Amino acid sequence: MERNLKNVLVISFGFLLLFTAYGGLQSLQSSLNSEEGLGVASLSVLYAALILSSMFLPPILIKKLGCKWTMAISMCCYIAFSLGNFYASWYTLIPTSVILGLGGAPLWSAKCTYLTIAGTSYAEKAGKNAKDIINQYFGVFFLVFQSSGIWGNLISSLILSQSSTKVEISEEDLECCGAYNCLTDTANTTGSAKPSNSLIYTLLGVYTASGVLAVLLVIIFLDQIKSDQAETEKEKLEAPSFWSTFLATFRHLKDKRQCLLIPLTMYSGFEQGFLSGDYTKVYVTCALGIQYVGYVMICFAAVNSLCSLLFGKISQFTGRKLLFALATVTNTACIIALLLWKPRPKQLAVFFVFPALWGLSDAVWQTQTNGLYGILFEKHKEAAFANYRLWESLGFVIAFGYSTKLQAYIKLYILLSVLVLSMVTYGAVEYLEAKSSPGTPTATKENGGPHSQESRM
């Protein structure tokens, strides 16, 4: 096997194993650690740490350790979070959430750097276009990686469904489910009782083992980047000084278009935070049981993955405006329906319709927003995508931060308000673009694939 392709597959399957564990744990946090809002608080802290990590750590670690060891050490940060869940408390989950957040940005930056160097190296040897090879390597990576959401949630549902605790949910308890949820620990007051410790430990053991395998795979089978390539990359990392890069992120806010895109970027964090932090708890866990959370999130991940591929292809024919309109209408319809719907166990299919439609919308928000950043800010991509990660992560922090303080219907109204504001400001961006460059086609192929997953940690 061609050596560079072998390294791409090692990274791809390493990330698959790692995010099989993390993705499953993130979906369960609001239900599994619901006491005093510990689960969503840990996620809020995690994304706050990710913001700091994105600003400071990636260039420093990659320069000092190289891509391979930056990835290996960063993966250990994710394992720490799994271990923190074994004895979930404010003294274990919050520190391990900080550790994971700090490791998140270097992990993704090292991955992107490694695949870029590997693609460039192979292209030089084979006399091919470097951009084509790099895109091919990223395509292989995401083909493998994107299934992690399915496997992680499938594992959680299969293990947690073994629970022998089957309690009939009364109508009175079901009144606490849905948009007008009672601000109490619904996961424990309804029939969706918390699984036994033995099942939880089994699940966490599987997730931890998956993370350890990911680290071993990278350490044992991933080749170091050749010294001359590494030195070249170090020079690139050193070219702009750390502080100039840091300040460039904020200087980029002088661009009116960047400021107008902040609501849309934050909305991406809000809507993902609502689905994983609120929908899973006050609709699914409350009315069906925690064992269904994984199946529901599999539905979201599968539709999201398929639609991401589809929209990436058809955007060149439809243009991004039509896709943004589709996502807006779909998300708005879901929000209104969730405000009106009273979840009941007999309506099983409905619990899957919402994440499927949410996955369709999220596919647009991820692919098209990333593509929009790449097109609008082609000359300042680094600062632009740093802003993307900053504002989307802030959306996550806020969404998880108020998760336990407000009833679901208030959060849905906030979500709808941010969505409306996002479309108004996005429309202003399109107007400015049309005004400045009349006749320029807006249907440009989306080219922000790698970044769309960074937001998911």
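Glycine too: its Cβ is placed from the backbone N, Cα and C atoms.
If you check TrEMBL, you get these features:
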type	residues	note
REGION	437-457	region 'Disordered'
TRANSMEM	39-57	transmembrane segment
TRANSMEM	69-88	transmembrane segment
TRANSMEM	94-117	transmembrane segment
TRANSMEM	137-160	transmembrane segment
TRANSMEM	199-222	transmembrane segment
TRANSMEM	289-311	transmembrane segment
TRANSMEM	323-341	transmembrane segment
TRANSMEM	347-365	transmembrane segment
TRANSMEM	386-404	transmembrane segment
TRANSMEM	410-429	transmembrane segment
Do we see three or more Cβ pairs under 8 Å linking the transmembrane segment (289-311) and the transmembrane segment (347-365), pairs being at least 6 apart in sequence? yes
Highest-contact recorded stretch vs the transmembrane segment (347-365), from 39-57, 137-160, 323-341, CB pairs under 8 Å: 323-341
To the transmembrane segment (39-57), which of 69-88, 94-117, 323-341, 386-404, 410-429 is linked by the most Cβ pairs under 8 Å? 94-117
Sequence-remote partners of the transmembrane segment (386-404) [C-beta within less than 8 Å, at least six residues beyond its ends]: 30, 36-37, 40-41, 43-44, 47-48, 50-51, 54-55, 105, 183, 245, 248-249, 252-253, 258, 262, 265-270, 272-274, 277-278, 369-370, 373, 411, 451, 454-455
Could you tell me whether the transmembrane segment (410-429) and the transmembrane segment (69-88) are in contact, taking contact to mean 3+ Cβ pairs under 8 Å with a sequence separation of 6 or more? no
